[in-house]
Amino acid sequence: MNIGIVNDLPLAVEALRRTIALRPEHRVLWVATDGAQAVDFCVAQPPDLVLMDLVMPRIDGVSATRSIMERSPCAILIVTANVGANASYVYEAMGAGALDAVDTPTLGQGGSADPSQPLLAKIDQIGRLLATRMPAAAPAAAAPAPQGALPPLVAIGASAGGPTALTALLRRLPEDFPAAIVIVQHVDQAFAIGMAQWLDGYSRLPVRIARQGGVPQAGEVLLAATNDHLHLTARGSLAYTRRPEETPYRPSVDVFFHSVVDHWKGEAIGVLLTGMGRDGALGLKAMRTKGHYTIAQDEATSAVYGMPKAAAAIGAASAVLPLERIADQLISLVQRNRQRRR
């Protein structure tokens, strides 16, 4: 992979260079010493992966991540001196589109890089995701639902760590997946379009922005795209609303899940992925109470085990699954649903 380094500390840059050099398949494309320079470099020479520090002069790592996802979306890994001490900034950057976060590597005795440091494992993981990027071709049309019937709806909520989890989930779904998918990811509207474009590159299904008045369609993935709440109306169409005003997250997973319970007339499946806090737990519980199947991501595969943990704690999940098993479960559930309707 071609990797861009964004860090203003020479010692940290050298540690990153030497760690990357342990993998002959990777090379340093450029080094930026602040966020503004990183944005310009990403536009002029798009890398496969950016290693982004958080605290830098001019533009910090969070703002740079936002700008990159707006102007030239690419994979971004937060690499900072102490992830734990900068947790709030890390979560903000992951909400802006960064895939994951890891501590800056240190050099061993004699200035050598340690191959066991977590950075290499993170780079390898992202490299595997990039290797599965789908060609830009029109996906096959999903098999039509029976006349007059709504397609199954898969409602997905995610927050910190969501971009990586969503990429891994979507790439496992076939191009003829006969369900509609709506995603509520905690992102600012400024870079939602970039995230949709990013996800589209790893999905056999088209990923688009959810538009006011649109209707979820089989074989299509829609992403909430404003700082208002996405919800279903009584007519089954999508709309955005400022209410409720007091929610800590915008868009809110809970608001969308509750609207599925109230207004979706067909089958539905709720999925709550990695994320900080509790958003989505009550909505997932409401979906399960209504009779819909619900899934929460497990702790071992969650970047931040907050939202799915809250859901599991209140019995909101029909199943708690590792990320790699969720797509297969969705395929199985949708197939069973179609067989019942024949």
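Positions of Cβ are set from backbone N, Cα and C atoms, glycine also.
Since we're looking at a predicted model, the values are computed, not measured.
Copied from Swiss-Prot, the annotated features are:
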- 2-119: domain 'Response regulatory' (DOMAIN)
- ASP53: 4-aspartylphosphate (MOD_RES)
- 144-337: domain 'CheB-type methylesterase' (DOMAIN)
- SER159: active site (ACT_SITE)
- HIS186: active site (ACT_SITE)
- ASP279: active site (ACT_SITE)
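Of all the recorded positions given, namely ASP53, HIS186, ASP279, those whose Cα is no farther than the 10 Å limit from the Cα of SER159 (active site) are HIS186, ASP279.
It is 21 Å from the Cα atom of the residue listed as '4-aspartylphosphate' to that of HIS186 (active site). For ASP279 (active site), the same-chain residues lying six or more positions away in sequence with a CB closer than 8 A to its CB are GLY157, SER159, HIS186, THR247, PRO248, TYR249, SER252, VAL253, ASP254, MET307.
The local packing around HIS186 (active site), expressed as other Cβ atoms within 10 Å of its Cβ over all shown chains, amounts to 27. Around the Cβ of SER159 (active site), 27 further Cβ atoms fall within 10 Å across all displayed protein chains. Mean model confidence for the domain 'CheB-type methylesterase' (144-337) is a pLDDT of 92. Cβ contacts within 10 Å of the residue listed as '4-aspartylphosphate', excluding its own Cβ and spanning all protein chains shown: 27.
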